[in-house]
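Reading through the structure tokens given below for one structure.
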There are 4 protein chains.
Amino acid sequence: MHYVKHITVSSLFSLTFCVLHFPAASYTDSSDDETSPRDKAQVNTHGSSDFCVKNIKQAEFGRREIEIAEQDMSALISLRKRAQGEKPLAGAKIVGCTHITAQTAVLIETLVALGAQCRWTACNIYSTQNEVAAALAETGVPVFAWKGESEDDFWWCIDRCVNTEGWQANMILDDGGDLTHWVYKKYPSVFKKVRGIVEESVTGVHRLYQLSKAGKLCVPAMNVNDSVTKQKFDNLYCCRESILDGLKRTTDIMFGGKQVVVCGYGEVGKGCCTALKALGAIVCITEIDPICALQACMDGFRVVKLSEVIRQMDVVITCTGNKNVVTREQLDRMKNGCIVCNMGHSNTEIDVASLRSPELTWERVRSQVDHIIWPDGKRVVLLAEGRLLNLSCSTVPTFVLSITATTQALALIELFNAPEGRYKQDVYLLPKKMDEYVASLHLPNFDAHLTELSDEQAKYMGLNKNGPFKPNYYSHPFYYNRAQGNTALGKYRV
Amino acid sequence: MHYVKHITVSSLFSLTFCVLHFPAASYTDSSDDETSPRDKAQVNTHGSSDFCVKNIKQAEFGRREIEIAEQDMSALISLRKRAQGEKPLAGAKIVGCTHITAQTAVLIETLVALGAQCRWTACNIYSTQNEVAAALAETGVPVFAWKGESEDDFWWCIDRCVNTEGWQANMILDDGGDLTHWVYKKYPSVFKKVRGIVEESVTGVHRLYQLSKAGKLCVPAMNVNDSVTKQKFDNLYCCRESILDGLKRTTDIMFGGKQVVVCGYGEVGKGCCTALKALGAIVCITEIDPICALQACMDGFRVVKLSEVIRQMDVVITCTGNKNVVTREQLDRMKNGCIVCNMGHSNTEIDVASLRSPELTWERVRSQVDHIIWPDGKRVVLLAEGRLLNLSCSTVPTFVLSITATTQALALIELFNAPEGRYKQDVYLLPKKMDEYVASLHLPNFDAHLTELSDEQAKYMGLNKNGPFKPNYYSHPFYYNRAQGNTALGKYRV
Amino acid sequence: MHYVKHITVSSLFSLTFCVLHFPAASYTDSSDDETSPRDKAQVNTHGSSDFCVKNIKQAEFGRREIEIAEQDMSALISLRKRAQGEKPLAGAKIVGCTHITAQTAVLIETLVALGAQCRWTACNIYSTQNEVAAALAETGVPVFAWKGESEDDFWWCIDRCVNTEGWQANMILDDGGDLTHWVYKKYPSVFKKVRGIVEESVTGVHRLYQLSKAGKLCVPAMNVNDSVTKQKFDNLYCCRESILDGLKRTTDIMFGGKQVVVCGYGEVGKGCCTALKALGAIVCITEIDPICALQACMDGFRVVKLSEVIRQMDVVITCTGNKNVVTREQLDRMKNGCIVCNMGHSNTEIDVASLRSPELTWERVRSQVDHIIWPDGKRVVLLAEGRLLNLSCSTVPTFVLSITATTQALALIELFNAPEGRYKQDVYLLPKKMDEYVASLHLPNFDAHLTELSDEQAKYMGLNKNGPFKPNYYSHPFYYNRAQGNTALGKYRV
Amino acid sequence: MHYVKHITVSSLFSLTFCVLHFPAASYTDSSDDETSPRDKAQVNTHGSSDFCVKNIKQAEFGRREIEIAEQDMSALISLRKRAQGEKPLAGAKIVGCTHITAQTAVLIETLVALGAQCRWTACNIYSTQNEVAAALAETGVPVFAWKGESEDDFWWCIDRCVNTEGWQANMILDDGGDLTHWVYKKYPSVFKKVRGIVEESVTGVHRLYQLSKAGKLCVPAMNVNDSVTKQKFDNLYCCRESILDGLKRTTDIMFGGKQVVVCGYGEVGKGCCTALKALGAIVCITEIDPICALQACMDGFRVVKLSEVIRQMDVVITCTGNKNVVTREQLDRMKNGCIVCNMGHSNTEIDVASLRSPELTWERVRSQVDHIIWPDGKRVVLLAEGRLLNLSCSTVPTFVLSITATTQALALIELFNAPEGRYKQDVYLLPKKMDEYVASLHLPNFDAHLTELSDEQAKYMGLNKNGPFKPNYYSHPFYYNRAQGNTALGKYRV
């Protein structure tokens, strides 16, 4: 009898530890093989060797991850179905440089399903999911990427995508501008055939605007970073979902009754505050902007100066987009056990540098969790060394990535199919109508049913029945660059 | 013993009825005197007779209402204090045409405290609080207004404000454009001295833009209807506060567990949904715009077509800005006891006209509450005959009116003091910095403390330490004119 | 053109005042007729004069109010339908003494529909809705009650119900114990035929327990005050619904950002806090009981001493069941404009007596709203002179009254039909199964569908498939008498 | 430049994976050493070998975990301080059998600080944190426990605690009853000196009640499982905190807009629903009990039958305490990707057995996450094979464990110091006053300040100023055993 009990018990502690091991169990390749992929000869089951990944044998595991991702990316799946007969990307030769993850794989395979040929490389030397890269290579997409590339590897991979005999790209999908930069620098003649660039990141968009300003942009470019769906959904909802997750995974904190100060009440701050308040935390706000401050008041948050409350706080969260929002002086005044983290941008919001001084002891208690110990024994709990908490310590919902990926796909289709002259050599925002189309493709996920305007109503409102329902300047990028605080800018790139 | 009990009891029902009588007790003049104010000779205690109100003897009661209003309008009181030494309106001669209420009186008395001379009339024949008008007249402000004016009275009052011997206006504060229209028509020479017009309403703003377009606008005009603070706070928060109040006062409905459909998920719809969900209603949404629909999904509301759910609903609320959103066919399908009301704009969202047909019986059960009875005995409860619920059946918080009044005061100060040439003969939005100043004046109400940027931080953000923190195109009026649905536009005027 | 505009405009202010008049418009009899009903000869349209109400001609208006109430009392309507064939109260002669309102009328007419004969009087000299009493009298129920009875009238009415030739009551429905007291005192022999007493109020229940303890209770009595449905729903949900309503109707306060302290975190306090927090107020709590205090913490409220926060508060609400929770000293320290009110019990929670001193000026600004003015001009806004806010200044949802009325009906049926010996001469709580039956009768209002246990599941849980699902001691009355603070106890009676 | 970028980037994906590795990094001993601890000779730095743990060298790491736990267990730390002079456990010889975790270590070290001598063993063969056991052994507490004991090891360890030369226990702290059982069976004479047993688990409490009923209980026993603080806080708040965490860690699900059905609206269900609704899920409820169903309605949840909604649901969560609440038939009807999990008790709520049939394919996609694949390709995502989600896949906040540990410490002090005759040979609940004391010890965590009754108020309420404020029968265990569904019962033991 007892034997059975001990075997079947849902033991609190053993299982808790188990679950946290799982990625170790899943992604087993990290330590097994030190050979550089560039030195390996690999062939997929179809006989092709036009790829370079860590280990083609991991393809099956990667396929499973892709299938899981597909479940929350039904917008792309639906796009495949709607456009499959038509093949709107037939003839497109897309070279891509993005994070290579299960979600990206769903995008790439959608592009292929729509008729495109793709070659792909990674925009970051660490972010490649090797198994996913293997799965893509196995199905015949030439992928050049692995986790832990050197910088030399990084440019070699990009080059292998672009510089291919018998294949020349006519579309570019970039995330960060490195691919575009390489083509500009090494193979400028490629641009003669390229119909357009789709760019995802702030950094890349910034470079494109500079090129445009300098009169050097030689093809149309689409700025998808500033599309409505990305801006409206990434910040508010993504932070609402991830702040709790990031804090729990690192500290196992109980939210009920915790005193929390959130610095900045832009979209990111609003998302964090909504979630924390809902789970029973007592939240107050710091703001520089009286309009955001008044919103915080009306939403039921006390608006304070950080120095007024710092001694009482259990958690301090920065969401400002500014620097040195939490200073050493304030860190000195925090109470024992106070948790400090950043949901804003880059890693300057908390003055972490000031903590690297001889009188303070750093103790790494868990991955991404440091105790900073003062001479009197007081500990402050610093998460992710002040980098973005949600990217460092939680996951980003596939659904949000689906919105981005769908926007990229539509931007590619638009640029590839646009009649001569619709787009000049300039940087464009996605037309509002396509933004709305991206949103509408995600509604079936929620079994949401849109109402259609009657002719009479459309006339009364002065709208087309099929949209756009918002004017083109709705959600203007510059707004997000500024006082709202943090935001997605800088989130997916430094 | 029993005697005491019965006398002191907080009886549920008797007192409930008492409280609802109070305005009758407070505003006692409605039926007492049928003489037209134009035919009465009245003198205030200072010997002046330069006014025309219902009954100067009501001044004391009106003063009390003004004092109550002052408690929630501390921004204006604070403006009085800050600017009192300086007298920024010294020399200003303001003629005003607005609703005359306790809140307006606080504005007028603020203008006077800042150095202005004022003459005032009503922009609406019904909205004057006679006691407040009396209180203003008693302190020496020439007021020409009473509740229940004829149209002839209306224009006579305006004329008495403008056409005064020995006094010529140099500033106009208008709400609806009637005053401006009258001056254009009758006394165009007045504009030679006028430094500017401040206009509150959609209608009036629309007329000004038309004048401007036609090249006929001969002084600068400030559009305060579209200021950020008004747009951002009026819709979301005002509707969040008033939807519950409007429903309770008319129907005594219990919110818990009620099935509610809200048509339109713009700012007004968001405000309504937030409040209703918070009090335990089960809310679903209809939308035409996929982006708003996706927001509704993420916020936890089912997005449906009205026809799919109409049979189950306990309450139907329109917030669309559109017409015939609730049709006769849908009214036919509602269940017995369903409540139907409008929080959007004008009175066309519910097809009320279709209910005025012989087979249906209307029964007025309370003021603003009609039972429409179908031949089979089914009753639908229609509130305010489909006009705006919150304006018809609830109150608007003084705090919201304070934001508007403060904005008007600042606009007057700005136009009156602007150096030659800053403003041309055009229609202007309030500079963003002044919008932020309005917000900041309201923060002390909440004991809110703003954080100030350090020099280093301001430089890092590319901002001036004192703002503006938002670019000028933040909150663009056209956006609000469109698909978001209703909004303040048209709320305070038809 | 302008004429039309002014006539059709949904004017903010005029309509606001209109709506608040409506009860005056509806209940028109208050001032019209000073003759005592006892001195009038009245006959209903069926020729009966066995009643005494204010004015039998008001019957039609009262009937409309009853019909409105029926819409939210579908449990009783459904009880009528289910039990109509069976007539479980055939032969019952019920004498009742309760508030006489539209909701009570629905109860009485249900009892009649189930076969009972009823005679009715009021338990409170102020609470009778004259029109409803007339409507009941018109249909043949002998009602003896009007609003504004003298104490002599009160007992005369009770006597007319009991002391009737040719009719002797065999059931008593009492609310406060006055009817029971009268029968004990004047007509003790009536108890020979009485099968049971159903008592609603704390006071009445207390008297019954005393009689029982003294061995003088000569029939079974049912305590419906302490039924689960009443206790669980009245306090939490009723206060959640009414706190906002009570504050709005008296003060038009905006909730967003208001600093509120709620004294007591029992069920009443929890209900208030939930609603206020949901609408954007910033709420803190005072508590004497560490367990309730810990719940408040976990629910996201700061737990403070009143003296620590009193200076900052915008609103102070007492929900303790205790006395002098807000003292004169604390009233002295409140800021200008602070609103003080009581949601707890009786009228002792705020030390109102201490405010009736010469140095303070009382100014009645609206019905139920007094400004207490300190020598320095500071005003505190006292609502309902410290009596229960929700009973004085808001309405109680019909749905909650439906739960109580249904419980009374079932208690009458149970006592009338119980086999000899099931109930002794003692005070009983409603059997848990009947409590659950009351709940289940209210589920169709929400279109709620209960799940039924399978035989296997019922066996596994050790439960009968039809309930009871809660043990009999669930929700014990004594608990509510104590530290939880306020509660329904004493709510409907002093 | 690029190099720097790639090195410092907060890469989304690489770091996400890193963090999930951390327990692997921290608890490094799982695979390194296969020798049984019983076969090793180990000595701590003080020269003692009276213990048996996995590896005494892990003591330092374990100490750090204990220190982290202390930060959220300030109630115990405060108890140490308050009682340290007095040493209320001087002379106590406590033998304990519980989970051995950092939180337990804080308890044990508190007991030692209060004067007790302790010997300790594990109540579960899997749950021991080896490093913590080492840290305890290092400081001189004889601990006999390691992760992964055999059943023979399990009883050997218990025996080594009890059967010690020169030391005889006079207090027992048990969790599950195995230690008590062993003493009864092997060393009954020990009970002559034992002053009492403190038992934590449902199973152990059940055994004690059986012994008591059979007249075989020979010492007083304290049932701490049913203390108010445990019951009131464990279920509602713990589930509110853990449901989101459990779902995120296993599935990375986005909550916004997800359709969720929660089976059972007891405390556990209420906790789950609160959190899910707050994060934007659309939640409906199934219930068997009309009273809980009515609460769900009033709280804003649709009450449905599972079969009515099963096709639309994204997530199905059981919280009933019943069996086969989710049947194979319902699993067959779920849509592709539906997540199914259990927050109730044991592992029978979902009919997992029915899924182990040949036509279905199980695919383990992550630890604790299985895809069950139907022949048509549909996948259902089953978490933790239907065992308790929060114990299997999330962590339990230290704060909740602190409440339990504090209660255990107080129960030991009470039993050890009770005067002869206060406790007989029976099972007792903790006196209400001590429950309240446990709560009050946790208030400083929240900086909460209790209000004290004045003498006059205490008299008015009929309460002692120092409590108890709740009667003894408040929170009765039987209630929780029944219809409310799940609960802590059975949570920490099967």
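A Cβ is built for glycine as well, from the same backbone N, Cα and C atoms used for every other residue.
A quick note: this is a predicted structure, and the numbers were derived from the prediction, not measured.
Pulled from TrEMBL, these are the features on record:
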- D:THR101, D:ASP175, D:GLU200, D:LYS230, D:ASP234: substrate binding site (BINDING)
- D:GLY266, D:GLU267, D:VAL268, D:GLY269, D:LYS270, D:GLY271, D:GLU287, D:ASN390: NAD(+) binding site (BINDING)
- D:235-396: domain 'S-adenosyl-L-homocysteine hydrolase NAD binding' (DOMAIN)
- D:27-46: region 'Disordered' (REGION)
- D:1-26: signal peptide (SIGNAL)
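Each of the binding-site residues D:THR101, D:ASN390 was ranked by the number of other C-beta atoms within 10 Å, and first place falls to D:ASN390. Averaged across the domain 'S-adenosyl-L-homocysteine hydrolase NAD binding' (D:235-396), pLDDT in this predicted model comes to 93. Of the binding-site residues D:LYS230, D:LYS270, D:LYS270 has the largest number of other Cβ atoms within 10 Å of its own Cβ. Among the residues D:GLY266, D:GLU267, D:VAL268, D:GLY269, D:LYS270, D:GLY271, D:GLU287, D:ASN390 said to bind NAD(+), no two Cα atoms are farther apart than 21 Å. In sequence order, the binding-site residues from D:THR101, D:ASP175, D:LYS230, D:GLU267, D:LYS270, D:ASN390 that place a Cβ under 8 angstroms from a chain A Cβ are D:THR101.
When the neighbouring Cβ atoms lying within 10 Å are counted for each of the binding-site residues (D:ASP175, D:GLU200, D:ASP234, D:GLU267, D:GLU287), the highest count belongs to D:GLU287. For D:GLY271 (NAD(+) binding site), the same-chain residues lying six or more positions away in sequence with a CB closer than 8 A to its CB are D:ASN235, D:LEU236, D:TYR237, D:CYS238, D:CYS239, D:ARG240, D:ILE243. Candidate binding-site residues: D:GLY266, D:GLY269. Fewest other C-beta atoms within 10 angstroms, D:GLY266.
Looking only at the binding-site residues D:THR101, D:ASP175, D:GLU200, the one with its C-alpha closest to D:GLU287 (NAD(+) binding site) is D:GLU200. Reduced to three states, the DSSP call for D:GLU267 (NAD(+) binding site) is helix. Candidate binding-site residues D:ASP175, D:GLY266, D:VAL268, D:LYS270, D:GLU287, D:ASN390 yield D:GLU287 as lying near chain C, with Cβ-Cβ distance under 8 angstroms. Nearest neighbour of D:ASP234 (substrate binding site) by Cα distance, taken over the binding-site residues D:GLY266, D:GLU267, D:GLY269, D:LYS270: D:GLU267.
D:VAL268 (NAD(+) binding site): 32 other CB atoms within 10 A of its CB, across all protein chains. Taking the C-alpha atom of D:GLU200 (substrate binding site) as reference, the shortest distance to any of the binding-site residues D:GLY266, D:GLU267, D:GLY269 belongs to D:GLU267. D:VAL268 (NAD(+) binding site) has D:LYS230 as its nearest neighbour among the binding-site residues D:THR101, D:ASP175, D:LYS230, going by CA to CA distance. For the pair D:GLY269 (NAD(+) binding site) and D:LYS230 (substrate binding site), the Cα-Cα distance reads 17 Å. Distances between the Cα of D:GLU267 (NAD(+) binding site) and those of the binding-site residues D:THR101, D:ASP175, D:LYS230 are shortest for D:LYS230. When the alpha carbons of D:ASP175 (substrate binding site) and D:GLY266 (NAD(+) binding site) are compared, the span between them is 25 angstrom. For the recorded site, D:LYS230 (substrate binding site), the DSSP three-state label reads helix.
In terms of C-alpha distance, the listed binding-site residues D:GLY266, D:LYS270, D:ASN390 place D:ASN390 closest to D:THR101 (substrate binding site).
Each residue contributes its Cα atom, and for D:GLY266 (NAD(+) binding site) and D:LYS230 (substrate binding site) these two points are 15 Å apart. Taking the Cα atom of each, D:LYS270 (NAD(+) binding site) and D:LYS230 (substrate binding site) are about 16 angstrom apart.
Considering only the residues assigned to substrate binding, D:THR101, D:ASP175, D:GLU200, D:LYS230, D:ASP234, the longest pairwise Cα distance works out to 19 Å. Here the C-alpha separation of D:ASN390 (NAD(+) binding site) and D:LYS230 (substrate binding site) works out to 17 Å.
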